[in-house]
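**Q** For reference, Swiss-Prot lists these features for the protein:
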- N65, M94, Y123, H162, S184, R185, G186, D225, G226, M227, R228, E264, Y291: substrate binding site (BINDING)
- H268, H332: Zn(2+) binding site (BINDING)
- C408, C411, C415: [4Fe-4S] cluster binding site (BINDING)
Amino acid sequence: MTQLTDAKSGIVTEEMKFVADEEKIDVNYLRKLIEKGYVVIPKNINRKTKPVGIGDNLRTKVNVNLGTSPDFIDISCELKKVEISNKYGADAIMDLSTGGNLPEIRSQIMKNTNLPIGTVPIYEVGVDSKEKYGRVIDMDEDLIFNVIERQAQEGVDFMTLHCGITKQSVDTLNKDPRKMGVVSRGGAFLTAYIMYHNKENPLYRDFDYLLEILKEHDVTLSLGDGMRPGCLQDNTDRAQIQELITLGELVDRCREKGVQVMVEGPGHVPYNNIQANMQIQKTICKNAPFYVLGPIVTDLAPGYDHITAAIGGTLAAVSGANFLCYVTPAEHVRLMKEEEVKEGLIASKIAAQAADVAKGNPVAWNKERQMADARIKHDWERQFEIALDSDKPKKMREEIPSKDEKACSVCGDYCALLMVEELGKR
């Protein structure tokens with residue numbers, strides 16, 4: 001049984017009750033959203049995961065990517081990133097490790113958080129294939145499905161799988177070349193496999209078998225966008241839309257089989273095209289939860305892409321996206337450090353909160369009211385408690401204090417709130 005099959009049978013699960021309470025919505029309404037495929041709760045039956053709802057009429061969620069690379073393998077560093085994710089309110093974590101003992105790294109990450117854990121299994125397939133055969137493109141089909149099944153057994157809650165990369169989509173890419181080609185790492189693995197062997201993508205060809213594995217463990221399928229644009233010039237081109245049409249068809253097959261599914265979306269999109277991209281996805285994929293990377297709205301800000309992504313992420317979430325994948329200042333430059341994980345996470349949470357306020361989400365608005373109340377009362381500790389990041393403003397206040405403990409050092413004796421407050425007492 002999966003959350004989806006239970007919902008279709010009219011069963012309200014404990015996970016649904018938990019999410020409904022967190023979101024402050026009626027649990028039967030939530031069950032109907034899950035039944036329609038508009039909401040997913042990524043929770044593998046083999047792991048004690050905090051239930052998190054992702055989808056329409058819920059708060060916008062934020063994911064943190066972390067993991068090793070061939071150039072930097074330090075499990076203690078990755079666990080610090082997990083700790084930061086836990087502390088500062090991530091809703092999910094994806095382990096994208098490609099260096100070191102991948103199963104051990106994944107195991108340690110899962111032991112140190114109760115948040116939903118996602119992976120991109122084709123990374124491990126590529127690493128194993130390179131070690132075994134000397135090249136990623138020599139990966140065999142048994143290895144692909146064995147890795148997926150093993151990760152499902154370990155308790156991975158959701159998996160990004162690039163099932164929409166097909167011979168047809170590769171042909172579209174070749175006929176209508178783009179500026180930057182394929183920038184998705186998993187998408188590149190499978191594109192290269194198709195081009196070299198002239199074979200269909202096993203994840204697409206044997207999709208029903210894949211669904212059997214995922215359904216057995218209630219792993220949520222996150223349909224990867226292997227043809228996502230890697231620069232603004234490539235946004236919303238034929239390759240991207242061709243793949244999206246395929247993903248929409250696969251969403252139908254997931255729902256028919258009782259497998260929870262969400263769809264991943266583009267990463268580099270001009271601001272004026274974001275709303276259209278969200279509407280196209282929601283239409284083609286029949287309101288499946290939409291998971292976007294950013295989107296980044298300019299390619300001119302390496303070192304500041306947590307900001308470019310937050311700008312795009314806000315409009316994306318207002319326009320239909322349900323799940324924001326954070327972007328750190330290190331994006332396009334190097335592997336992120338621990339502090340940059342925090343910066344990226346907070347930036348994405350700002351985007352999510354701003355979007356939820358714009359959409360009238362009652363939980364988001366309640367937090368805004370609480371902050372206003374705390375500011376009216378000059379209750380600094382309460383303000384820090386409510387803030388998305390409590391530590392930074394507290395430190396800043398201590399660095400340049402005001403003589404008046406109620407005021408801050410910007411205005412001091414000339415604080416507008418205090419001035420009007422004093423007049424009101426007369």
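Glycine is treated like the rest: Cβ placed from N, Cα and C.
Burial and contacts for the listed features, if you can.
**A** DSSP assigns G186 (substrate binding site) to a helical segment in the three-state reduction.
Every protein chain considered, the tally of other Cβ atoms within 10 Å of the Cβ of H332 (Zn(2+) binding site) stands at 13.
On its own chain, C408 ([4Fe-4S] cluster binding site) has R397, S402, C415 as residues at least 6 apart in sequence with a Cβ closer than 8 Å to its own Cβ.
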**Q** Should R228 (substrate binding site) be counted as helix, strand, or coil on the basis of DSSP?
**A** coil
**Q** Near G226 (substrate binding site), which residues of its own chain have a C-beta under 8 A away, given they sit six or more steps off in sequence?
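**A** Residues satisfying the criterion: H162, G164, I165, S169, V182, S184, G186, G187, A188, L190, T191, E243.
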**Q** Over all shown protein chains, what is the count of other CB atoms within 10 A of the CB belonging to R228 (substrate binding site)?
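**A** Result for R228 (substrate binding site): 25 other Cβ atoms within 10 Å.
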**Q** Going by a 10 angstroms cut-off between Cβ atoms, which of the binding-site residues Y123, Y291 has the sparsest surroundings?
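**A** Least crowded of the binding-site residues Y123, Y291, by Cβ count within 10 Å, is Y123.
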**Q** If I take the Cα of H268 (Zn(2+) binding site) as reference, which of the binding-site residues N65, Y291, C411 has the closest Cα?
**A** Y291
